Amino acid sequence: MEVCNCIEPQWPADELLMKYQYISDFFIAIAYFSIPLELIYFVKKSAVFPYRWVLVQFGAFIVLCGATHLINLWTFTTHSRTVALVMTTAKVLTAVVSCATALMLVHIIPDLLSVKTRELFLKNKAAELDREMGLIRTQEETGRHVRMLTHEIRSTLDRHTILKTTLVELGRTLALEECALWMPTRTGLELQLSYTLRQQHPVEYTVPIQLPVINQVFGTSRAVKISPNSPVARLRPVSGKYMLGEVVAVRVPLLHLSNFQINDWPELSTKRYALMVLMLPSDSARQWHVHELELVEVVADQVAVALSHAAILEESMRARDLLMEQNVALDLARREAETAIRARNDFLAVMNHEMRTPMHAIIALSSLLQETELTPEQRLMVETILKSSNLLATLMNDVLDLSRLEDGSLQLELGTFNLHTLFREILNLIKPIAVVKKLPITLNLAPDLPEFVVGDEKRLMQIILNIVGNAVKFSKQGSISVTALVTKSDTRAPDFFVVPTGSHFYLRVKVKDLGAGINPQDIPKLFTKFAQTQSLATRSSGGSGLGLAISKRFVNLMEGNIWIESDGLGKGCTAIFDVKLGISNESKQLGIPKAQANPRHANFAGLKVLVMDENGVSRMVTKGLLVHLGCDVTTVSSSEECLRVMSHEHKVVFMDVCMPGVENYQIALRIHEKFTKRHQRPLLVALTGNTDKSTKEKCMSFGLDGVLLKPVSLDNMRNVLSDLLEHRVLYEAM
């Protein structure tokens, strides 16, 4: 008997149920087999997946389950033992894989839970990042508004425009219902409503500055929320309003200017503030945000900066206007001073010309009269007239020198001269007066004193003569000493420093007398023009008070210094001055005395001289001097007559050119045209009373051979003719 390996069913199967199970197992197998394919596709496409091996296990479990359901299709009918073994193997493998997967899930689930936690954490961080980005965007928006407001505010430096622009821009940016600015009054005790956003001409009413709400705002630099019903916020009508909008206030520092005092910076006062009040629209739920408050605070600071700039600009504009007014006043004063100087110079020029003509007559006639036979009494009177005339002429020269020193037109005439000879000549001039007063004079020249120097000989002689003359004038007894030496760099001098060089040195001259002396408090007055001390000696000795004033200016012009020392009345005084001179290397032949180099002619018998002068008195006086010297003199009163009378026999022509204008010099050109050869032409000498430098320059440019300054004495005329005939040129220092 054959053995059957088939499994016999325990109960008969329902055909319909079996059919449905068969179909279901088929579709379950298909679903189980498709899921691993999808998992494989997911794993391959996933870049990062931490549990690949779990998915492999899970895929194997699903495949085995599908295989089980698929094999189960053959169990619904009679089947062989092989099918049973395969079915059993599939189920065993499915059980093993399913248990392994379950055990692995026990370990995986905590990890999956931690991943979920991290996912939640990352979500929270992302939310915070979103909030921070929102804040950054808000800050950027606020910054954009601040830059825009700053640009609008600082586009002008007018204070009223700045404040009005601030309110308008804040109202537009923050959508405000009202914005106002309260400014402190002059007393500083109240705040006054000065600017509003909606009202073109706000009612200027005030509130006390000591209100608690104002003190609260002024006490901090932050924007402060205040009550809509506070006195500074009652700026809008409340009728029909259900709820007033929120109000904030912020202080605006003001710059207080108190002139420009220290290092050109104004004095700052941080106790003065303005109050800015900002109101949100009424009947709205809108509230102030943090970024809006920050915007208000920044704008308040920018307004303070702009107002400070505007205040500084206003102060500088006022200073500029004041400076312009002062400059206009100074320019007007300068013009008036220049007009006064020109008027003074014109007056001095006219007076110089008008006074020198009669002085010329007085001195010339007195010197002629002195040459005649006179009784002792007459001679004394003539000498007195001559001395007084010379004194008056000296005074005129001093006034003119002082005028030119003050207006800066006087310049030094530098030249090489013998310094030792200069001192000896001065001593020879002073000695006759000193002998009369029985005052011995001594001259001390230092061994190292240079003999030949470069400087203004005439001005230096005038300084020394003034000082030595004063010593003789104010001394009734005692002696006078004149000392000249080279000033050393370590020599004492008040407020003056000696800096000698290789080409220059400083000459120091000391004139000491034992005369009347001077009160120490009167010494500063000595160098003031027309000023005299109150001592009896000064009063009784006369003088104009110009000598020392002119000497001081001459010394300053020579880059030196002058001062006087005295122990008091009756103790004498010492006058000291330093002047800068150049060192000369020229030949010592320059030092030959004039008395030896230029021998004087006793008379000029037969010398034909032509005198042209419009003034009859001056013409007569000049002729008298020349006739007394033995000259054959012809006089004319006009240039036409001069040209008609002039001949080759005339050796010298004296021409009066005192009147202003160039036409007086034209005759010199016409004489040059008449006498083409120099040895045939007479010597042309200008006789003038003008001491300005332009007269000398005009004479030289028009070809004149010399200039003679009025007044002229007999001795002066004799010396002039001698020099003229010997050198054929004569130009006195003017």
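Every residue gets a Cβ built from N, Cα and C, even glycine.
Keep in mind the model is a prediction, meaning the values are calculated, not measured.
What TrEMBL lists as Cu cation binding site is Cys65, His69.
Residues or ranges marked as ADP binding site by TrEMBL: Asn470, Ala471, Val472, Lys473, Asp513, Lys529, Ser544, Leu548.
According to TrEMBL, the 4-aspartylphosphate annotation covers Asp656.
Marked as transmembrane segment by TrEMBL: 20-41 (among others).
If you look up TrEMBL, you'll see 53-72 (among others) marked as transmembrane segment.
TrEMBL lists 92-113 (among others) with the feature transmembrane segment.
Counting every protein chain shown, 27 other Cβ atoms lie within 10 Å of the Cβ of Ala471 (ADP binding site). Cα of Asp513 (ADP binding site) to Cα of Asp656 (4-aspartylphosphate): a span of 44 Å.
Closest by Cα distance to Ala471 (ADP binding site), from the recorded positions Cys65, His69, Asp656, is Asp656. Taking each of the binding-site residues His69, Lys473 in turn and counting other Cβ atoms within 10 Å of its Cβ gives the largest count for His69. Cβ neighbour density within 10 Å is lowest for Asp656 among the recorded positions Asp513, Asp656.
The closest partner of Val472 (ADP binding site) among the recorded positions, by CA position, is Asp656; the full candidate set was Cys65, His69, Asp656.
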